[in-house]
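J.: Not my notes, these are from TrEMBL:
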- 2-194: domain 'Poly(A) polymerase nucleotidyltransferase' (DOMAIN)
- F79, G80, S81, D92, I93, D94, D147, K208, Y217, G226, V227: ATP binding site (BINDING)
- D92, D94, D147: Mg(2+) 2 binding site (BINDING)
- D92, D94: Mg(2+) 1 binding site (BINDING)
- 200-348: domain 'Poly(A) polymerase central' (DOMAIN)
- 351-420: domain 'Poly(A) polymerase RNA-binding' (DOMAIN)
- 490-527: region 'Disordered' (REGION)
Amino acid sequence: MASPISLVGPTPADLESTAQLEKHLRQAGLYESAEETAAREDVLRDLQGVVDRWVKRLTTQREYPDGMAEHATALLLPFGSYRLGVHGRGSDIDALVVGPAYVDRHHDFFDVLGGVLAETEAVTELQLVPGAYVPVIKMRFRGVQVDLLYASVCLPVVPSDLDLHGRSVLRGLDMATVRSLNGVRVADEIIRLVPDAGAFRTTLRCVKHWAKARGIYSNAMGFIGGVGWAILVARVCQLYPNAAPSMLVPRFFRIFSQWKWPNPVMLREIEHDDDGGEMPLGLPVWDPRRNPRDGSHLMPVITPAYPCMNSCYNVSRATLRTMTTEFDAAHKACQEIAAAGAWDALFRPFNFFKAYSNYLRVDVKVAGGEEDLREWKGWVESRMRQLVVRVEMATAGMLLCHPHPQAYAAKPHEDDRRRASSFFVGLSKPAPSPLQQQQQQPQFDLRLTTQEFKDEVYTYAFWRPGMELDVAHTRRKDLPPYVLEQILSTDRLKRKRSDDDSDKPESSPVKRAAAAGRIGSSPESET
């Protein structure tokens, strides 16, 4: 691990620029109001009550002693953006339920707790996904999106102060449980490893806001997800431990516009079983020297908690190419910001539907209700990166793909009662060489490629009649009107949020100075 590049701290101009950056992020709606924070805390408290009653009921049914049932409980631990302190308006909650050894995932969590949640008035849009890479229950709890994971630890009673930091808590667990526990363990380790949690949080909010605006925030689609962005930002914070966010953001884009992938990004040395530390557990750890398959990963961004894994294993050549282009463009934008001082230029949305002349349109259709559409759409989304890989391989790289991470609610014809949603992939050709410019540009027939993709998607284990998939070439001029309508609707909502924030009275000079870092505020104050 390299030592810091620079220990230089911020100048007054850097602090002023940080204040302007934070103002922009607030106007963009990236911070919750006090009311929204209270509502989110109420959701977590009430959900804790639901899982406590669930565990006590299971303990009683299995005729354990009364004293054991009385003390039976489960821990509900948020992770992800909420645990890192960078959640904002409308953010979902990723939460882990830690239960005792006798409460299993397959029956007790998905069947029993799933049934309890289905009968809970506060729960809507319930979706059970036991076959996912990390098994999850998805739902809305009083309107807040919650992704609920489960981990059963090798203890008869789960203490309220259970320590998840050491690797001993992983002993005897399967990989699905280890991956579930590591959501919390990785978030805690990231915060522990950054030199200034406040600067890290502001910088991460900024980078995530930029990534969403540029359409490159999606682990499922082969871009980078929340954990990956957090690790990348944390690494830059380690390299510039005394820098303010207005210094860290340009350095972030400069570093990753020049990064030589697949060199890995790591916050600490990879921990192996044979390092002479705690008892070996034999869990697979990312290391291409020992595991040849890891050497095929294009963008290794390694989680800091044992067992270390690549958080960006879904990245493909197409999505890496897109992200590299965006890193370079953002680096140039930051150079302009340094001269002009306006942060708006960094967050200009990528106009996906004007960037290309041709698209692949992937229509997901169901004959059932919204729950069926969410399930089928989620499965298709998880396979979209395979479509991108297939197209680029079938055309020997002469047709480049840019998948759009957002799905658009489709509007079928009036006589079509099916529900539908659409994904889009932008298509382009690489810049031709002088010799190629004199030759006729090749044409591509993707019918066989798209049919192979459809055949793969239809292998879904829970496929039911009425779940359909269409893939077709669409020119820009033929894009369906509902795409443009939803873009305009989103833009109007963003403008309204910005106007609402600008109407709020300014905070006191003392609070503004503390937010800018001029007064000795705690690194944790931003939460």
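Glycine residues also receive a Cβ, built from the backbone N, Cα and C atoms like all the rest.
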J.: Please name the residue among the binding-site residues F79, Y217 whose C-beta has the most neighbouring C-beta atoms within 10 angstroms.
T.: F79
J.: Would you mind checking how many other C-beta atoms are within 10 angstroms of the C-beta on D94 (Mg(2+) 2 binding site)?
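T.: The answer is 25 other Cβ atoms.
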J.: How many Å separate the Cα atoms of D94 (Mg(2+) 2 binding site) and S81 (ATP binding site)?
T.: 8
J.: For the ATP site made of F79, G80, S81, D92, I93, D94, D147, K208, Y217, G226, V227, how many Å separate the two farthest Cα atoms?
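T.: In whole numbers, the farthest two Cα atoms are 19 Å apart.
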J.: I want to check the contact list for D92 (Mg(2+) 2 binding site): same chain, sequence separation of six or more, C-beta distance under 8 angstroms. What comes out?
T.: G80, V144, Q145, V146, D147
J.: How does the domain 'Poly(A) polymerase central' (200-348) divide up by DSSP, counting helix, then strand, then coil residues?
T.: 78 helix, 6 strand, 65 coil
J.: Over the domain 'Poly(A) polymerase central' (200-348), work out the mean pLDDT and round it to an integer.
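T.: Per the prediction, mean pLDDT sits at 93 for the domain 'Poly(A) polymerase central' (200-348).
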J.: Suppose we draw a 10 Å sphere around the Cβ of V227 (ATP binding site). How many other Cβ atoms does it contain, all chains included?
T.: 24
J.: Using a Cβ-Cβ cut-off under 8 angstroms and a sequence gap of six or more, which residues of the chain neighbour I93 (ATP binding site)?
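T.: When sequence neighbours closer than 6 are ignored, I93 (ATP binding site) has R40, V43, L44, P78, G80, Y82, H87, V144, Q145, V146, D147 within Cβ distance under 8 Å.
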J.: Which numbers of helix, strand and coil residues does DSSP report for the domain 'Poly(A) polymerase RNA-binding' (351-420)?
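T.: Result for the domain 'Poly(A) polymerase RNA-binding' (351-420), in helix, strand, coil order: 29 helix, 17 strand, 24 coil.
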J.: Rank the binding-site residues S81, D147 by how many other Cβ atoms lie within 10 Å of each Cβ and give me the one with the fewest.
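T.: Relative to the other binding-site residues in S81, D147, D147 has the fewest Cβ atoms within 10 Å.
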J.: Around the recorded Mg(2+) 2 site, report the further residues of that chain (criterion: Cβ within 8 Å of the mean position of the Cβ atoms of D92, D94, D147; site residues excluded), sequence-ordered.
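T.: Everything else in range on the chain: G80, I93, A95, K138, Q145, V146, L148.
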